[in-house]
Amino acid sequence: MSCKRSYHRHCALVYYMVLLDLTNAVFEFSHPLIRDSGNSQSRQLLHHRLKRSWVWNQFFVLEEYTGTEPLYVGKLHSDMDKGEGSITYILSGDGAGTMFTIDETTGDIHAIQRLDREERSQYTLKAQALDRRTTRPMEPESEFIVKIQDINDNEPKFLDGPYTASVPEMSPVGTSIIQVSATDADDPTYGSSARVVYSILQGQPYFSVDSKTGIIRTALTNMDRESRDYYEVIIQAKDMGGQLGGLAGTTTVNVTLSDVNDNPPRFPQKHYQMSVLESLLINSTVGRVLAMDLDEGVNAEMKYNIIDGDEFEVFDIVTDPSNQVGVITVKKPLDFETKKSYTLKIEGSNAHLEIRFLNLGPFRDTTSVHITVEDVDEPPVFGSSFYFVEVSENVDIGTTIQIVSAKDPDATNNSVRYSIDRSSDPGRYFYVDVTTGALMTARPLDREEVSWHNITILAMEMNNPAQIGGVPVTIKVLDVNDNAPTFTKFSETLMCENAKADQLIQTVSAVDQDDPQEGQHISYSLAPDAANNPNFTLRDNQDNTAWILTRRPGFKQSEQSTFYLPLLISDNGNPRLSSTGTLTIQVCSCDKDGDIMSCNAEPYTLPISLSRGALIAILTCIFVLLVLVLLILSMRRHRKQPYTIDEEDNVHENIVRYDDEGGGEEDTEAFDIAALWNPREAHMGKTRQDMKPEIESLSRYVTQTCRMDNNVHSYMLAKLYEADTDVCAPPFDSLQTYMFEGEGSVAHSLSSLQSLSTDSEQSYDYLSDWGPRFKKLAEMYGTKDNNGSL
């Protein structure tokens, strides 16, 4: 194939070269040379812009020339050129010097580079003839065009390939699927190099392609997606009108058959067997059925219906959208004792139908489902789902207010026993007879305390105590008139001396805890013993309130400052209840505006010249002076006193223990009381004497005195910790040398080691002479005779 293509390419090249030579010959023949005669007339005509006589026109050159020699394009010649070599030809413009060159003497133009028409179809150049000796232009500069002749060197290309398309299955023949398009970079205006025709290389006999437009169509009927849903079609585009020697390109078209609803649903089973407990809850799943459909997507969507066997509408069936399964659920409670089995006829059909495929139907199918109800031991069931009881609050204890009844729904019909859920009756107001179900009161009821009771009565099977049923019972306690009305606010009432007759001085009100059906109404009146009270009267407002009014004017605080008015209130219940109360009325002195000034029998009055504002100012000044005095006393009390050591102040009454053995009578070193002020300084720098016996001096240790017990406790713990953690502490008694020990003491040293280190006889008889305080010590260190006598 490549050899044939090369052969045709060379033939076309030779043909175009011959055509080019003929064209140039015609151009040279049609433009005769005009030779310069050399006379003045010729020069004068030359200076008067004579018609230029360039022998040239547009040139043509073939693209893709691959020869070893430069490609001859054409020849430029001026009629002023006498062939003596006096004229120089110069070339400029597009590609001059790089793509094209010119012979300066002959004017021959050659192409020195391979030309590609698809990159550039023509070049515009400029030519000029110069006098070789003077370089003066012999002719004005002129333009000429070099056109690149096209050859068929580009195959068609599918720029948008590969393609993906879809077509519904079962489409009629000739259904358009997709249009493909190929482009050829060759010159469409010259020859047939760019004339493309389409053909199908792979995909017959299912598809066809239009040779001119590239439209792909179906070529077979009844293409079934369920049999094959994918096709790979290869399309060829060939130039030169599809003739032999043309170049070709291919592309791939992936065609997918989309689904249509052309398959009816079918149940793989014609009979299903299911079982379910009668205790299954409503909306619970009984089982699943599935009608298979070879279609997909919306064409496979199913809807299910129960068309027979469920006259009581106990079951329901819905479609699971995730897998198109029919889910059978319980719509009403099941009862083994009522019906033990069901046989349902279920239909499955497509949700979406296509009219043009109805002849392939029917698009529905049926199956039967047999459901067996299994018996379950059920708890007792009450005759009513709830009970509502009304009872008066004055009912006697043990009164039956309701009888409940429950029975075992199973075939065994076991006997039941009744009880009350005590969590619903924490006050234990009621109890129920275990056998009869009679609900009775167990303690007095009080509507004002609890007006509603919500209890739960339980029924339990005797043979199976785990089976317990319950029913709610709501008890409303009805009111009886057992509470007398009481005053809501009953306090002392103040009135002015200058009160007028029939003046309102107090509004009284009362409440009643009872709740009569006809509404609450409280009546007010004066007590019978005060019905003819000359000072005050009562007016019932008929709205559960009453006004206390003055009957006369002229009250005097000095004559009588306090009045007591007994009141009577009663309700409208049956029986009618009443209560009494006494209103205390205090007579006060008031100013002209009615503001109370004093309610005492002998009120304190200010001088006429002293106003209330002046009194407030005086009291404020007194208060400020008191604050200043207290502040000064407080500052003087907390003022820091100078640090002085007084003989009386140094008496702390503390017992000071020394850790040094006494110097006896010779211990005349003065005791520094300052150590008591800071006992820690005396202890700082203390070293262990048993670890360094050669120490020259021993610091005197003063015990720390603490005011609080917790400080003493902390100090003791610190010393104990120091002793416990000291790994160098000797577990033995060692001889210590103290510089404070006196030589002239009568008692000398009490060191046990020093005593044992001497050979002298040790006698402690002198301890008895020291008095009663050393009696115990004398007994411990007595003579041998004494020890023997003990």
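From the backbone N, Cα and C atoms, a Cβ is placed for every residue, glycine too.
Here's what Swiss-Prot has on this protein:
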SIGNAL    1-25  signal peptide
TOPO_DOM  26-612  topological domain 'Extracellular'
DOMAIN    54-158  domain 'Cadherin 1'
DOMAIN    159-267  domain 'Cadherin 2'
CARBOHYD  Asn254  N-linked glycosylation site
DOMAIN    268-382  domain 'Cadherin 3'
CARBOHYD  Asn283  N-linked glycosylation site
DOMAIN    383-487  domain 'Cadherin 4'
CARBOHYD  Asn413  N-linked glycosylation site
CARBOHYD  Asn454  N-linked glycosylation site
DOMAIN    487-605  domain 'Cadherin 5'
CARBOHYD  Asn535  N-linked glycosylation site
TRANSMEM  613-633  transmembrane segment
TOPO_DOM  634-790  topological domain 'Cytoplasmic'
Pairwise CA distance, Asn535 (N-linked glycosylation site) versus Asn254 (N-linked glycosylation site), rounded so that it is a whole Å:
116
Can you tell me how far the Cα of Asn454 (N-linked glycosylation site) sits from the Cα of Asn413 (N-linked glycosylation site), in Å?
29
Helix, strand and coil residues within the domain 'Cadherin 5' (487-605) as assigned by DSSP:
3 helix, 53 strand, 63 coil
Cβ contacts of Asn283 (N-linked glycosylation site) (under 8 Å, same chain, 6 or more positions away):
Thr329, Val330, Lys331
For the domain 'Cadherin 5' (487-605), the mean pLDDT of the predicted model:
84
If I restrict to non-local contacts, at least six residues apart, and a C-beta distance under 8 angstroms, what lies near Asn413 (N-linked glycosylation site) in its own chain?
Lys407
Among all the protein chains here, how many other CB atoms are within 10 A of the CB of Asn254 (N-linked glycosylation site)?
13
Local Cβ density at Asn535 (N-linked glycosylation site) - other Cβ atoms counted within 10 Å:
13
Just counting, how many other CB atoms are there within 10 A of the CB of Asn454 (N-linked glycosylation site)?
10
